[in-house]
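Engineer: Before I ask anything, let me first share the structure, which is written out below as structure tokens.
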Amino acid sequence: MADSTHPLLSLADSGESEDTPPLVKHLPSLDSIIESVIGNFGLPQFLQAVLVSIAWAFDAQQTFISVFTDAHPTWHCTQLGDESCNSASNICNLPTNSWAWDLPADTSILSEWNLECAASFVPGLPASSFFTGCLVGGLVLATLADSSLGRKNMLLLSCLMMSLSSLLTVIFSTNIWIYSALKFLCGFFRSAISTCALVLSTELVGKRWRGQVGVVGFFCFALGFLSLPAMAYMNRGSSWRSLYLWSSIPGIFYSILVHLFVRESPRWLFVNGREEEAVATLKSIASTHHDSSNWNFSGMCFEQETCNANLYSTVKILVAKKWALRRLSAVMVIAFGVGLVYYGMPLGLGNMAFNLYLGVTFNALSELPSALFTFFFIGKLERKNSIIVFTTHSGVCSIMCVLKGKMWTRLQIGLELVSFFSASTVVNILLLYTVELFPTCVRNSATSMTREALVLGGVFGPMLVSVGRKDGLASFGVFGLAIGCCGMFAACLPETRGGTL
């Protein structure tokens with residue numbers, strides 16, 4: 001990061017301006033000291049980063065699983081010659097014996113619990129409950145990874161509890177209300193996974209590989225998203241509960257691997273005064289050609305970062321300084337607009353005249369070129385300008401999805417994919433940008449609050465999609481305006497490309 005983080009880490013009054021933190025010129029940063037001792041990016045760091053980043057795959061599965069489990073199933077008329085029943089009919093106005101579902105009723109929650117004629121907000125309630133749980137969980141769990149638990153333990157707890165909550169959904173969901181409550185619980189614990197995985201993986205390597213390692217998590221998220229339509233297609237005709245079963249059990253086994261093999265962030269250990277553990281971690285991840293036998297940090301002088309043990313002290317620190325609050329406010333506004341499109345677009349695929357399995361597959365596949373683009377160009381991209389360009393592009397394509405006519409209907413899925421690709425790229429860049437904007441002591445909390453804003457967009461997305469079944473302007477039109485306007489707030493942020501953490 002170009003600016004020093006020292007003023008952010010102390011609440012004491014000083015003669016320096018709060019608007020722009022002054023440079024500390026004399027002492028090397030903790031980041032540079034750690035980078036000098038672990039050496040070049042080696043196999044131990046790579047394996048740690050990959051193992052940590054796999055958590056993103058389970059995050060993606062639980063985030064988008066409602067696209068299939070809560071889908072509106074297709075139906076057909078059962079009485080030949082009945083002119084009142086056709087594909088354009090409203091089944092709520094038809095006799096129950098004149099139509100039937102194409103697949104067994106338990107393939108979707110809507111058909112199993114007879115929700116086809118429920119109020120428009122009811123079909124979107126489980127997905128909104130999930131994102132509301134993410135929102136509440138982010139507020140409650142955000143600072144635990146910075147304060148008492150650390151990155152590794154927070155990742156372990158979140159992934160394990162999310163998977164167990166998903167498994168409970170299979171066992172106890174007997175109606176829409178219990179199902180929504182369990183989705184809330186699943187979202188609550190899911191809220192910290194991607195943030196902890198991103199921060200931990202980037203803190204295990206030097207600044208040269210920080211961006212590339214962060215993108216590994218985005219690849220894993222894309223693979224997890226891509227696995228959903230494959231699992232759903234293999235289970236078509238089966239109960240929607242089987243999809244939760246397939247996605248929850250692997251997550252439990254992964255949590256065991258995290259406990260056994262993942263190392264804690266050495267930066268977090270140093271900041272929290274656990275020097276011996278930090279040195280042990282550094283020795284385990286250092287390049288093989290580095291001699292670690294005579295490492296001694298006790299006599300080394302470097303810029304100190306200190307953490308208050310108070311659980312919510314990091315939030316107080318973030319809002320106490322004007323420059324920190326300005327940065328946090330800007331990235332959260334951007335994240336909200338991006339979240340509407342990123343989480344809303346896949347849920348809106350059911351409103352399009354296109355195969356749902358193929359639509360979700362194409363959306364998941366668009367995550368891969370987005371991650372590849374970020375991987376190869378993150379070292380060259382200016383963060384703020386990239387965010388403005390991609391949010392504008394996504395907004396224009398989203399609004400164009402509203403246009404009517406035979407030609408526009410054919411182009412609709414293409415415009416949706418371009419809009420989703422652009423939003424996905426902004427998510428990747430924005431999360432890495434947030435990591436660069438804040439220091440170790442509050443980095444996880446700041447990134448969590450950015451994710452909170454993304455999730456807040458996800459809370460409104462399902463409701464807009466439900467309303468948009470009748471009027472596309474209420475969904476795709478709102479999505480486009482929101483991401484286009486919110487993206488302009490990137491102009492308020494400093495550029496961080498090439499800086500240190």
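Placement of Cβ uses the backbone N, Cα and C atoms for every residue, glycine included.
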Engineer: If you check TrEMBL, which stretch out of 1-21, 379-399 is marked region 'Disordered'?
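Structural biologist: That would be 1-21, the stretch labelled region 'Disordered' in TrEMBL.
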Engineer: So, do the transmembrane segment (324-344) and the transmembrane segment (413-435) meet, by the test of 3 or more Cβ pairs under 8 Å (sequence gap 6 or more)?
Structural biologist: yes
Engineer: Against which stretches of its own chain does the transmembrane segment (121-142) lie, if we need a Cβ under 8 Å and a gap of at least six residues from its ends?
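Structural biologist: Same-chain contacts beyond the ends: 62-63, 66, 70, 72, 109-110, 115, 154, 158, 176, 179-181, 183-192, 195, 315, 343, 347, 444-445, 448-449, 451-452, 455-456, 458-463, 465-466.
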